[in-house]
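Some features that TrEMBL has for this protein:
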type: DOMAIN; residues: 42-294; note: domain 'G-protein coupled receptors family 1 profile'
type: TRANSMEM; residues: 27-49; note: transmembrane segment
type: TRANSMEM; residues: 61-83; note: transmembrane segment
type: TRANSMEM; residues: 103-121; note: transmembrane segment
type: TRANSMEM; residues: 142-163; note: transmembrane segment
type: TRANSMEM; residues: 204-225; note: transmembrane segment
type: TRANSMEM; residues: 237-256; note: transmembrane segment
type: TRANSMEM; residues: 276-296; note: transmembrane segment
Amino acid sequence: MSSVNFTGKNVEEFTITGFDHLSHQKLLGFLIFITYFLVLLGSGTNICIIVTDRRLHTPMYLLICNLAVVDIMFTTSSSPTMISVLLAEVKTISYYSCISSMYIYHLGDITGCLALSLMALDRTIAISTPLRYHSILTNTRIFVLIIVSWFIGIMCLGIELAWTDFDSLPYCQSIIRYVFCDYPALIRAACVNPEPYFLIPTILALWLLAGQFPLILLSYVKIIYTLLRLPNSESRAQGFNTCICHIIVVSCYYAPKLVSVLLTRIGLRLNLTERNALLIIATLLPSLINPTVYCLKTKEIRKRWVQILSRKKRTVSIKCQKG
């Protein structure tokens, strides 16, 4: 049987088949739904707390707020598609929705990496030069840095868009063998040799892994060295507590990516199921951990969460008494 070639211009929708071989699709769909709900709840609440409390309008909390926005955007680009496939059993996604989701997903990935770099810079200055911290990092400068990080993300995607014209790619079948729309999934769905199309994404990935990650590591080495030299044990413990928050967040972001790179380097090829599992973990785990860590480990945000929950508890008890 001869296959018919399509181009992006006449492909109206893609069929996502990455979950077809799984036996417990509803369970996985429910877990992804709960995770997505918790991400929206945690990150959304953190944004509201920081925006509405003027005492939290400081560089560190503005960066936490920026990371929460990135987390919501990052998970929203992929989770609804997976939930739709697994729970609603709607396996198709329109061509332009798929393309849009792909760009939002990768924009979230790049800006998330840059957000972690900015947070590492913030903590390094705060702990290494505490007396000059407020003069070096003002709210205005943090806003500028955040805007620049988003601009860099958009520019990277612009380069990728110029490199790959998806409308001209030939598609033998409009089937995506992965779990949602991202760049590798769309390239591998086309009837082309994928290697040339991965040149620019590989350069960007190397910049994120080999460029940003070592800088973040060096900043935390500097922080730990500074903390160990502090004579005050209370200040040292407070600094380590803040440092642990960021190390957990950075680890959750980079660990799946490093595992994938290391496994490829040692010659271990992942099958489709393993690739999809790693992709889901890399997409959902960081965005779930981030608001949880900052709720539990950041005193001011934790205090506001307690106030919100206690206020709701009092409201419910008053309604019950009136009833």
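Cβ coordinates come from backbone N, Cα and C, glycine included.
Long-range contacts of the transmembrane segment (142-163) within the same chain, counting only residues at least 6 positions beyond its ends with a Cβ under 8 Å from a Cβ of the stretch, are 59, 62-63, 66, 103, 106-107, 110-111, 114-115, 117-118, 122, 183, 197, 199-201, 204. On the 0 to 100 pLDDT scale, the domain 'G-protein coupled receptors family 1 profile' (42-294) averages 87 in this prediction.
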